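Working notes, beginning with the structure itself.
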Amino acid sequence: MCVPRSRHRLLDLALEAGMLFIKSVRPSNLIILAALPFIVYLFASSPDYQRSLQAILGVEPGSSAFVPGFLLLSAAFASGIAVLFLSRMKVARPRLTIAVALLGLIATAAILAGDLVHPFIASVVANSVDPFKSDLVVKGVTPRQLTPAADAVVRQVEVWIWPAYAILLVGGLSLLAIGNRASVPAESAARRAGAWLLGVVNGAGLVFVFLIAYIAFASGLATTIRAAIAAYLLAAVLGLIWVGLQKLRYTRSSLIVFVAMTLGLAALSAWFLLQPRDNYVLAGTLGGKIGIVTNTPSGLIGAVRFGQYEGAPKTETPVRTFVAPPQAIEAVGKKQDVSGALLPEASVPSDWPVIWRTQALNDRDRAAGITFSVIAIIIGLLTLGGFLHRRHPLSIGSEFIVDTIRGIPMLVIVLYVGLPLSGALKDATQGVFDPPNLMRGIVAMALAYSAYLAEIFRSGINAIPVGQIEAAASIGLNRWQTARLIIIPQAFRIIIPPLGNELIAILKDTSLLSILSIRDITQRMREFQSASFLPFAPYNSAAVLYILLTLAAASLVSLIEKKYDVKHR
């Protein structure tokens, strides 16, 4: 039987397209694609792996009702941003731009016409409040649900917010279309207004949906990705700050300012540390517990507990805390396992035997004095180093921070920032500053990675020939213009590969945040494994998820490298 030539031609074209697709895929991704059927079969056929995947991803019961709303909002906001980028491309693609704009309009129409978005918005609101203190959620119900009154309020807000978004979207698209028809589109005021409108509205929507809103059908995965993105962006900002500080020039005026700061902080420290001491008396007997009153200096509490005073017992003395001296005195009088108390001298009954008498500075003045003295010493050392090496003190401080952070293990930084440092800040601000564990972990990772990113930024800037900077100065460009027009574009192209490596590394290191009880992929894996006692399914599921995430990040970096034509040497 003879096969028509046209069919042969179609077959050849299909094979050629298939080979081109295979060649375009990164080799590591190709291996994953080859193994994907086995992975899908494993998760589809094994109940253990299905339960593991659901638990690790953070799929809550009934959360499938939230998926349509999430997809509609994502499509609407992403389409608006895509139209903005397509309109700014050097090569115009009008058909694709129109198709993307129509997709956004269709998604917006679906949001307005139906009730598909409301379950997702209600879930976001319910999970953004404290379930124990708030009256907006039904108590004792999991997953969280809004009360009928709160749900009605959310619906009233949606009645005007979605039409308002539709008006802004249509207005932005119209202004953009009008501006593109101008003789010089780039200089059109209508085009600029439409671009700003689309960018601000849809950009804020995307940030809300992907980085802020609670995603009940993948909360564990969302926590991992959001922590990585937030930590990476914050680390990049801190890294740029460290590099900028290192580029500061030494001047005589800066030296005078830092000397004055050192002397001022030292004087402030001395003022706090020289405040009058309070008199305290340890009275009663040592046969039972010792009563401690609130706001007693911590140094005295330690001295009483561990016997750091004259005539103290060699064993540790148990203590009991009371709000005020009268309560401690009453407990000693009733012999409620309390035989003595450490009290201000004016509150001690005259008939009590005195065991120890001392003076101490209150914790508030002591902490303030020590803090200011430490800062004064640090600034003084930076000032001395700047004077000796003719460098700006902040430049030396930035270099010290980068070198120090790179020498501390990531786990130690996460523990230090997440536990003692956050606790100290909470105590110092009287509970006003008490960030959640996720924010603590993000700050810790950002601080750790900022040192590495700072070195990457510095190497990229130093790779630019000095002659280009001198040429920019010769034509009248200031330092900011030179950085924006000459240095940054070239340096960014150089540092794309190492920046990509740090993105992948920070994505994996989010697993360390589980030590702060942050319910990311790793923490949920540990919880499910301890509850199910399955030996392999939880760990294999988490490993597959991390591999997919890192490969996606590597593919994104590869696309950016191709866009900027990065040459690997």
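Yeah, the Cβs are placed from backbone N, Cα and C, and that goes for glycine too.
TrEMBL lists 362-557 with the feature domain 'ABC transmembrane type-1'.
Away from its own ends, the transmembrane segment (28-45) comes close to residues 22, 53, 541, 544, 547-548, 551, 554-555 of its chain (Cβ-Cβ under 8 Å, at least six residues beyond either end). Residues annotated as transmembrane segment in TrEMBL: 28-45 (among others).
Annotation source TrEMBL lists transmembrane segment at 65-86 (among others).
The transmembrane segment annotation in TrEMBL covers 98-121 (among others).
Within the chain carrying the transmembrane segment (160-182), a Cβ under 8 angstroms from the stretch's Cβ atoms is held by residues 76, 80, 83-84, 87, 101, 104-105, 108-109, 111-112, 117, 188-195, 197-198, 201-202, 205, all 6 or more beyond its ends. Residues or ranges marked as transmembrane segment in TrEMBL: 160-182 (among others).
The annotation transmembrane segment is assigned in TrEMBL to 194-217 (among others).
The transmembrane segment feature in TrEMBL is assigned to 223-243 (among others).
Remote same-chain residues near the transmembrane segment (255-274) are listed as 361, 365-366, 368-373, 375-376, 379-380, 382-383, 386-387, 393 (criterion: CB distance under 8 Å, separation of at least six residues from the stretch ends). As annotated by TrEMBL, transmembrane segment applies to 255-274 (among others).
Residues annotated as transmembrane segment in TrEMBL: 367-388 (among others).
Same-chain residues lying 6+ beyond the ends of the transmembrane segment (400-419) with a Cβ under 8 Å from its Cβ atoms: 242, 382, 437, 440-441, 443-445, 447-448, 450-452, 454-455, 509, 512-513, 515-516. What TrEMBL lists as transmembrane segment is 400-419 (among others).
Among the features that TrEMBL reports, transmembrane segment is placed at 543-560 (among others).
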Considering the transmembrane segment (65-86), which listed stretch of 98-121, 194-217, 367-388, 543-560 counts the most C-beta pairs under 8 Å:
98-121
Spatial neighbours of the transmembrane segment (98-121) far in sequence, C-beta under 8 Å, 6+ residues away:
65-66, 68-70, 72-73, 75-76, 78-80, 82-83, 86, 154-155, 158, 162-163, 165-166, 169-170, 173, 213
